[in-house]
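Asker: What follows is a structure written as structure tokens; I'll ask about it next.
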Amino acid sequence: MQKAIRLNDGHVVSLGLLAQRDGTRKGYLSKRSSDNPKWQTKWFALLQNLLFYFESDSSSRPSGLYLLEGSICKRMPSPKRGTSSKESDKQHHYFTVNFSNDSQKSLELRTDDSKDCDEWVAAIARASYKILATEHEALMQKYLHLLQVVETEKTVAKQLRQQLEDGEVEIERLKAEIANLIKDNERIQSNQLVAPEDEDSDIKKIKKVQSFLRGWLCRRKWKNIIQDYIRSPHADSMRKRNQVVFSMLEAEAEYVQQLHILVNNFLRPLRMAASSKKPPITHDDVSSIFLNSETIMFLHQIFYQGLKARIASWPTLVLADLFDILLPMLNIYQEFVRNHQYSLQILAHCKQNRDFDKLLKQYEAKPDCEERTLETFLTYPMFQIPRYILTLHELLAHTPHEHVERNSLDYAKSKLEELSRVMHDEVSETENIRKNLAIERMITEGCEILLDTSQTFVRQGSLIQVPMSEKGKINKGRLGSLSLKKEGERQCFLFSKHLIICTRGSGSKLHLTKNGVISLIDCTLLDDPENMDDDGKGQEVDHLDFKIWVEPKDSPPFTVILVASSRQEKAAWTSDIIQCVDNIRCNGLMMNAFEENSKVTVPQMIKSDASLYCDDVDIRFSKTMNSCKVLQIRYASVERLLERLTDLRFLSIDFLNTFLHSYRVFTDAVVVLDKLISIYKKPITAIPARSLELLFSSSHNTKLLYGDAPKSPRASRKFSSPPPLAIGTSSPVRRRKLSLNIPIITGGKALELASLGCPSDGYTNIHSPISPFGKTTLDTSKLCVASSLTRTPEEIDMTTLEESSGFRKPTSDILKEESDDDQSDVDDTEVSPPTPKSFRNRITQEFPLFNYNSGIMMTCRDLMDSNRSPLSATSAFAIATAGANESPANKEIYRRMSLANTGYSSDQRNIDKEFVIRRAATNRVLNVLRHWVTKHSQDFETDDLLKYKVICFLEEVMHDPDLLPQERKAAANIMRTLTQEEITENHSMLDELLLMTEGVKTEPFENHSAMEIAEQLTLLDHLVFKSIPYEEFFGQGWMKADKNERTPYIMKTTRHFNHISNLIASEILRNEEVSARASTIEKWVAVADICRCLHNYNAVLEITSSINRSAIFRLKKTWLKVSKQTKSLFDKLQKLVSSDGRFKNLRETLRNCDPPCVPYLGMYLTDLAFLEEGTPNYTEDGLVNFSKMRMISHIIREIRQFQQTTYKIEPQPKVTQYLVDETFVLDDESLYEASLRIEPKLPT
């Protein structure tokens, strides 16, 4: 048995009496113990951390004691009272004291008064020695601090006393000196012979008034001079100039901080890592990545310190000498600029090392980096010189011509502009690498194929992936279902070589789907994948889906079905995918095109053409290759750009998109159309003379000289009639050297002549009504290659040889579109993707160029692989076509398209080559028109003359007797797209929404919920943003004097932004009560947070900027009533849309969010102004700055990505009417006056 703890009973009794007399809290309480569940009334007294209780207030000895140190006191709810209880009519208030010891039960107490209960709880909560000790320590600290202050004050007082004493001595000395001077003056005056007469008192008064008036007039004149100067243009320019300098100081401080992070967080740690035992990176690679970075940091630290010193001497600001220090160091920047592309390439290569990639992610995770990547920090110096140029432009705009710094600033600007042009080119050329690395970093699993610096980013967006199990069950209702959209929504990224399909996970991270990395060389696009044999079904899906058939080299084939949100978006995706597939296949198939005994191939045609890689007076190239492995154009004349557009040997998707976006800057649509028409009518002019010489030359034909085109009645196609077909036969045993790649390289769309012979029996899913946005041109990806119905023994031997040589015979890329006449033969049953066996029973139709019967089926990749085998692809072609349809017309087409040498004269072969060139020219013209019509339809909606000319041209094409059926079908689809009556969706939806509000009474703000306002504001913002045509983004029209005429929709967006901002401020100031204003602020902040969830970042900035304006921000009494949660949320929203670091937080959020989305337009306008100010549209030689056009096109591409995806929000006219009503909206001056009226300024 444990012994009881002994206490000094007498001392406890004395403390109890002391508590009874001097306790901090005394009174009757009811307590309940564990031994006795009944409530007992006792008299309690609290002394420090001791709680005594007595039988009554007159007891001389306490009944018990509780030590409260470390206990917790809190109120507890009243227990339910029984109806039979005697005390049921009396209200009690309970609280408990919990002790730190778990074994000790809590003390339960109750009172009859709620206020008394609260006071007991508060008193017991403060009854702790620890609290007293803490307060005592704080008081001691204050006491020591006061002692130090007193000592300091004593010292100061002593010094002041000493100064006073010294002052008194000095005063006494001065008094004595004055007294002496007075005596001397009196002596001099007494010696004067004539004493002045006393002046009249009136004269003295007059002189005094005159003196007062002279002083008043002088002060008034001086005040007027000061006021006139303050209002003068010179003073206004100086104020703006000072503001520019202060902004420059802030930007320079931020830039120095960025360089400091680059050097200290990346460069120096990587140098140490390179010296480790197992280095993840070499010293050479570190030097290549960070060339001159440390030197640039030191240079700008010196520049920043000099700038701070100039600011310290304000208002005298001399800046020219600072730039004189910077200019001689520009060679350091030049080395950094020239190395920039190589730096990012080395970085991409190093990131393939897992150890380096892991280490780099650790560095980037540091708080200083703020989730920015190394590529971002390496790009910051590229933007600094253009920023200096903009600053100098503003300084010169506010610097008088006679200013002492004018000439120096002009000289600095000219030198910086020379370097800026080079920098813009380098940024343009490395933008693709940085974009690829940014996307690769967003994918959680990583994606090594994006580390290939030759990949070119084309487009991205959200598509819905439909599982194959639902094939044939897709309808409009199912496509719009939330479950399918949530489960099937995919983030798709199209590159020049691959299609990446991802899902969006938590934290905005991307995850690759199964088979999410698709190589485009293995792809075949089916425009309408569903088996829609009845019109009703086709109308249900609205032609929004398309199918990609993938046939990997080392895995079974599979199919991906994707659904776009609109027909326009589908047209853009399918056009770009087809273009990329053609580009990559044409690059691989070049080795066989026009292959003859003279071994003249298309690569030789390109290599022999110096105009494709050598600078000339009318063209200059960058170091970067485009998607067709041809040098990108940096500067070029308009004529050379049009030549590149119509060059039949290649056409890169990035050049085509940039050209169609920007051609209005340097030419007009009629010139482009005329060039396409001329190429169609005279296709031989689309190939340079040197390439023509190589093409038409052979061992038997040397008649063509350099620069001479072959003379033939077929060289000009208009009104030409087909020549007599040369009928000839050749034995299948004679294996001519043929090119299986029938078409010339058209760059975008190779001929699909082979697809004309593909029947419909074996593949029922390929037939669909012709979509106006469907694929309309011809494609090398649609080749059907097979042997004849009957084979000779030698053919069988060749087939056996092919099989024994390990040739793959997978399903080939087959025809995706059939003529309308074939649709009646469609089988209703679904079949799996076709196999070689499923094609063997096909019967050729129309032009059976190739038949599937022998089982020989080769994809384009197989054909390239076969070039390295003993059996050439051309031999396989001869075997495959040996027993084809024997009609003379078909045999002549085979012979022409195969460009056979054996058995035909050189003149006949030249005619065959011209035939292929005409086919390629036709496809090029139709391909460019298809991209133009589907992606840039507004060009034709706003220009009736252009539309008329295109329609006339297409009608002429369709009536050409030499036109092939697939070409005629392509032209018909373009015509259908161009002539169909479609309402301009962008403007009509906004007009309809505003029309719905007519006659609707404006309801007050309180009648609308935050959710309703956020949704309707998002819908309104999106429609206004969507209505901006992309041509307004060129030329900085929004900053010109005639901005309302040049960019009406951008200005409409700006006015809408300002209207909503003024509406919010007016709504807050409309309330007279402080609490009402605070609740209005809280509600608008809630609206902003909902808009953030809806990805409407424009509205977030509208609301935060409105609340941040001085008329609202100065309302201190109102802000005291706003809750802490609202203030915290407001700060979070402000940080999201902050302009710091060129809107770095907003850019990162946009990069990780899925459309629909409404970005802040001003961010993109700043980027475009940055590009426009830094570089001109034309060089001094009059060449178009195509690198600049490429960068602007990339910005427009991102804007259009957000414009294309719409919100599924139902309009609410009442809420919309409230948002657009301008009746009660105040302007800036009225808002500030209302703010002063509500809370006047405090007197100073």
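For all residues, glycine too, the Cβ spot is worked out from N, Cα and C.
Quantities reported herein were computed from a predicted structural model and do not represent experimental measurements.
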Asker: Going by Swiss-Prot alone, which of Ser211, Ser566, Ser611, Ser898 is annotated as phosphoserine?
Answerer: Ser611
Asker: Between Ser760, Ser866, Ser1139, which does Swiss-Prot record as phosphoserine?
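Answerer: According to Swiss-Prot, the phosphoserine annotation belongs to Ser760.
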Asker: Of the residue ranges 59-82, 179-202, 707-730, which one carries the region 'Disordered' annotation in Swiss-Prot?
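Answerer: Residues 707-730 are the ones Swiss-Prot records as region 'Disordered'.
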Asker: Cβ distance under 8 Å to Ser71 (phosphoserine), same chain, sequence separation 6 or more: which residues?
Answerer: Val97, Asn98, Phe99, Ser100, Ile124
Asker: If we skip the immediate neighbours and take only residues 6+ beyond the ends of the domain 'IQ' (204-229), which ones have a Cβ under 8 Å from one of its Cβ atoms?
Answerer: 235
Asker: In the structure shown, with every protein chain counted, which of the modified residues Ser575, Ser611 has the densest set of Cβ atoms within 10 angstroms of its Cβ?
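Answerer: Buried the deepest by this measure is Ser575.
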Asker: At the Cα level, what's the spacing in Å between Ser611 (phosphoserine) and Ser575 (phosphoserine), rounded?
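Answerer: Their Cα atoms are separated by 28 Å.
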Asker: Which residue counts does DSSP yield for the domain 'IQ' (204-229) in the helix, strand and coil classes, in that order?
Answerer: 26 helix, 0 strand, 0 coil
Asker: Give me the mean pLDDT over the domain 'N-terminal Ras-GEF' (629-743), rounded to a whole number.
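Answerer: So the average pLDDT across the domain 'N-terminal Ras-GEF' (629-743) works out to 64.
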